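*Asks:* According to TrEMBL, the protein has these features:
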TRANSMEM  B:7-29  transmembrane segment
TRANSMEM  B:35-53  transmembrane segment
TRANSMEM  B:65-88  transmembrane segment
TRANSMEM  B:100-120  transmembrane segment
TRANSMEM  B:132-151  transmembrane segment
TRANSMEM  B:171-193  transmembrane segment
TRANSMEM  B:205-227  transmembrane segment
DOMAIN    B:247-288  domain 'PDGLE'
TRANSMEM  B:266-287  transmembrane segment
Amino acid sequence: MHVVLEKTLKNASSYFQNFFIHEYSSKSTLHSIDARIKLLGTFLFVILAVSTFEPKKLLFLLLSLILISAILGLSLKNMIRRVWLFPLFSFAVVSPLLLQDIGYPLLFTLRVLIAVIAVQMLVMSTSFADICSALRSLKVPEVFVHGLWLAYRYILVVFQDIINILLARESRRVARGSHLELWRKGGEAVGLFFLRSIERAERVQLAIASRGERIIGSKLQFGTLEAIYISLSAFVALWCIAL
Amino acid sequence: MHIPDGYLDLSIAALFFVLTLLVLGYSIYRLRGERLTSLFGVLSAAIFAAQMLNWPIPGGTSAHFVGGALAGILLGPYAGSLAMAIVLTIQTLVFNDGGITAWGANVWNMAIVNVFLGYYIYRTFSRYNKNFAAFLAGWLGITAAAIFAGIEIGLSTSFAYGLSVTVPVMGVWHALLGVIEGIITAGVVGYIATRRADLLEKKEVGKTSFALIAALIALSPVFAYLAEEVGYAEPLEKAAEMIGLEEEPIYEGLFPDYTISGLDPYTGTLLSGLLGVLIVLALAYAVKYARGSRKDT
């Protein structure tokens, strides 16, 4: 079981590092823009990126997103740290085709890179609470958005639970055991974890009932800032389409 | 198995958005009136945490648990698919694990195909042996989800590899790794059966709904093929054509067809691209200065 624990903690630490970066990154101009506008802008930029293979359009889009991020206060260094893996993986997947067509793997990777940058612009400048507010405001069903927000808030709590369970079982283990034994015993540990989670869910539901169902507060606003950002996004889209 | 942005043609991505929203919308409709906020929240978080466990496999590598079939067995297919959709949405919006345009396809594979198929396999075989049924549900559920992912990217012209590559690669690999998913699912279900057997009781699904959702799942590759045949991989350019942007360029006087008279087309396009970038720069600075009017700054 110690292998599971070790590998899991290693994996989780890098995952959770990502988890917190966007919540605590310094406030930029992009942070001040209404989350709904940023969410829709992200969709627009990603759709633009994945709907063409034309180098001039992709380069224009890439340059525009980098400029917007830099001017509106996002750290490009942080962004590169967060996005490099996805295009690299994509390039590795299509690199066997380099011999047949040198352009395709590069353009394919560029599309992925632009899409990931567009999503990172949202993630690095918007708290998850604001994303949930935006989703609710865009008429995504309440039960889904509230579930989303609660899940986000409870991930660290329940992760601590599962680590505690695995540690307790590891400390009681005597024999080494085969892989099959490890998976079976591990399955039981995860079973206990799910039972505890269900019981926790029941307690949380009671707490929600006693406090009232309103879970997500709203900080949405629309003003000059949003209007100019919409103009900016619309210009990028139109220029990109017509270029 | 999370498909990133850029791997799917927009026609296929849009199709799976529609199919996914149909099934998730119906699931929400079926669960109306039930107070499930915390169940979705906490159990989605639990599935997310369980997915972080890295199970060692012979040969020094490791695999992680997905939990779609388990979600279906524990919560029923409707609540299970919603819980998995929540997990996948967080992975997309926080960790970039799976693309925004591919959200529909990812949820379809891992929260609908995996959950519904897993649930029905478990229901079919649990009368003989619960552990074996859970193993089959976990194993076949994840394998089917991977095959669907292979079909979606294989049909997309944006991704250069065809079905003959993507389906075997995704299917065979996940059929092997899926054995671990099956064993862990069986372990979890076996443990819960001894402690809280009531959680494994049959959930009401409805025969007509089952038949419709099963038909949608079975036919979705055909729909994807047809969507690809429609062939609108570049809808924004089609939109540009429709509203006449290409025929009547906005800056006709300065840059007809985004070229400059007297210059070769490449230099003209480069200059018009640079002009676009300069306008982006100006608008971005306008946003920056408009922030000053915001009280929360």
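From the backbone N, Cα and C atoms, a Cβ is placed for every residue, glycine too.
The structure displayed is predicted, hence computed values, not measured ones.
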*Asks:* Please compute the mean pLDDT of the model over the domain 'PDGLE' (B:247-288).
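*Replies:* Residues in the domain 'PDGLE' (B:247-288) carry a mean pLDDT of 70 in this prediction.
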*Asks:* Looking at the stretches B:7-29, B:65-88, B:171-193, B:266-287, which one shares the most CB pairs under 8 Å with the transmembrane segment (B:205-227)?
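*Replies:* Most contacts with the transmembrane segment (B:205-227): B:7-29.
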*Asks:* Using Cβ atoms and a strict cutoff of less than 8 Å, what residues sit near the transmembrane segment (B:132-151) while being 6 or more residues removed from its termini?
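*Replies:* Distant Cβ neighbours of the transmembrane segment (B:132-151) are 1, 3, 66, 68-70, 72-73, 105-106, 108-110, 113-115, 117-119, 121-126, 163, 166-171, 173-175, 177-179, 181-186, 188-190, 220-221, 224.
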*Asks:* Same chain, outside the transmembrane segment (B:100-120) by at least 6, Cβ under 8 Å from its Cβ: which residues?
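*Replies:* Residues packing against the transmembrane segment (B:100-120) from afar: 1-5, 7-8, 10, 12-21, 23-24, 66, 68-73, 76-77, 80-82, 84-85, 87-89, 92, 137-138, 140-142, 144-146, 148-149, 152, 185, 203, 205, 210, 213-214, 217, 220.
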